[in-house]
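Pasting a structure here, questions to come.
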């Protein structure tokens with residue numbers, strides 16, 4: 001299974017975009033729009049990254065944690081599973097799954113350091129309780145495949161494995177976790193989309209190489225478009241809009 | 001335990017998921033939890049036996065143990081007839097405990113070997129040895145081809161199914177230490193994890209920094225030999241210093257049987273830290289003559305010996321792989337391996353009735369030490385009294401065991417359990433009529449060793465690092 005994505009639970013549980021974009025009824029009642037929903041998940045992906053930088057874990061742990069968080073919200077409401085607790089707890093769980101366990105105590109410490117706001121304030125006990133609820137929500141499927149793994153062999157194969165391209169594509173892959181791509185597309189296609197974007201940006205002709213790959217170029221291009229759209233709209237995602245969205249969760253319907 | 005019988009304190013807050021099982025009793029205990037035998041109540045699968053492994057909440061307040069997380073993570077992805085099947089995971093939010101439900105396996109290699117050595121006093125028949133080995137390799141090949149290294153193979157982790165559809169099927173269990181090795185794996189010792197040293201590959205004993213699937217093949221070799229002779233092949237005395245002591249005696253035991261390793265035969269030996277530093281002068285030991293064949297009583301020309309020696313090849317790069325081993329001559333000659341390892345298909349062959357696992361019926365799911373010997377009668381009555389028609393029977397005979405890789409129940413706690421004297425009711429459960437001792441500490445010495453080599457460290461330890 002580790003060698004074969006196609007037999008993994010990750011592959012079997014890939015979702016359609018419209019399933020990912022379903023706002024939970026409870027959240028809808030609170031006035032959460034699809035836009036809010038996406039915004040909050042993006043904000044929480046950033047939160048996970050910030051925490052991870054504090055406790056010093058690898059990018060793969062961050063990617064797994066973000067994936068867990070996004071999977072949770074395909075099944076559970078934000079009203080019942082407060083994103084401000086789910087985010088750090090996903091990092092906590094991912095650190096165990098990826099063999100670089102971070103203590104809950106440490107996370108609780110950095111949560112306080114990062115956010116003075118009381119709404120973010122969660123203690124060790126809360127994290128431990130939420131860990132079990134997340135395990136349950138994930139239906140105990142914990143193995144996640146990431147685009148990182150296919151990135152360097154693909155770059156090498158395309159003859160693009162110089163430092164510049166490597167760094168650019170790696171950064172692009174990091175940014176894909178601000179979207180729901182990992183829930184919808186096989187990771188190697190996400191990697192290819194990042195290579196596609198990077199080669200356009202850096203003016204590298206990869207047409208022939210892509211043609212030789214036995215992949216659906218339409219899917220790769222669609223993923224690329226989605227990533228570019230995200231960068232386009234990213235400017236509008238202000239702190240204020242995020243706060244407004246999060247505020248809705250705390251308000252009574 | 002019957003629902004609503006109410007005599008047990010556990011009923012008051014019994015979680016919903018638990019209601020789908022009839023708890024029979026405790027069958028194992030380890031540093032990180034307990035194992036229970038239960039039966040499914042629902043119509044589909046009614047009466048099916050399930051082993052439920054309960055993970056304790058770790059003491060240091062760090063949630064679900066990483067061991068449990070990784071075991072779930074792997075088992076949720078893999079399906080193979082020679083790998084234990086995780087049928088369900090349950091969570092009890094009130095006490096934050098986690099339960100893994102497995103298909104129940106009545107036997108394991110540790111018990112089978114012990115039964116032959118101590119009870120029937122005769123070797124395991126060739127068909128059974130070969131079938132067990134083949135299935136073990138078959139399961140391992142599946143794991144390895146999926147980039148999973150088990151890392152803690154030993155007889156007690158190799159389960160064998162009892163009567164039923166899968167009678168005599170081998171099931172590899174206990175994936176708490178198993179790893180996906182897409183990224184290089186650090187030695188377990190770096191994580192503060194201690195595993196039994198008898199089945200540990202020489203490269204690890206010499207301080208190799210990374211695991212390969214060859215470490216599992218070494219363990220299989222040791223297990224193969226043990227199936228043949230009924231004795232652990234390399235029974236070294238463990239050095240218990242921290243954190244990763246050099247296991248001189250274990251290596252010495254290996255060298256004595258296999259001969260001294262040489263750089264010609266094992267070139268990368270030169271790079272292994274403990275060999276290089278040689279603080280305890282292992283390089284100076286000289287055991288010239290390999291005598292493996294005489295230790296295992298095999299002709300040096302037999303296919304069995306050839307396969308065994310290829311599993312016990314010093315150089316991990318030259319060591320036979322699972323897929324190669326499955327193709328070995330040994331499996332092509334008579335008797336050929338079969339699906340039911342315990343019952344030969346050829347008529348006329350005798351087979352052994354292996355005893356069933358003992359069940360401690362006095363412990364419930366909250367089954368904590370507080371329930372133990374001090375008041376076994378009351379709690380025991382509550383549990384066993386509500387069990388359907390005596391199918392527990394002579395299972396209440398204490399016999400240290402293991403399931404899903406759990407440590408055996410320490411015999412001290414077992415001795416008090418004679419009270420549930422249901423041994424007479426059965427008849428059916430022990431068709432071989434094998435006399436089973438009650439509450440007598442068997443294999444005490446061996447068990448002491450086992451208990452002092454827990455498969456897992458205290459959780460705090462692994463987390464602190």
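Yeah, the Cβs are placed from backbone N, Cα and C, and that goes for glycine too.
Nobody curates TrEMBL annotations by hand; they come from automatic prediction.
Values in this document were obtained by computation on a predicted structure and should not be read as measured data.
Quick paste from TrEMBL:
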{"type": "BINDING", "residues": "B:54", "note": "ATP binding site"}
{"type": "COMPBIAS", "residues": "B:367-376", "note": "compositional bias 'Polar residues'"}
{"type": "COMPBIAS", "residues": "B:377-393", "note": "compositional bias 'Low complexity'"}
{"type": "DOMAIN", "residues": "B:21-331", "note": "domain 'Protein kinase'"}
{"type": "REGION", "residues": "B:367-400", "note": "region 'Disordered'"}
{"type": "REGION", "residues": "B:423-465", "note": "region 'Disordered'"}
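So that I understand the layout, could you describe where these features sit and how close they are to other parts?
Under the DSSP three-state reduction, residue B:54 (ATP binding site) is assigned to strand. The number of other Cβ atoms within 10 Å of the Cβ belonging to residue B:54 (ATP binding site), over all protein chains shown, comes to 23.
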Mean pLDDT over the domain 'Protein kinase' (B:21-331): what is the value?
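Mean pLDDT across the domain 'Protein kinase' (B:21-331) comes out at 87.
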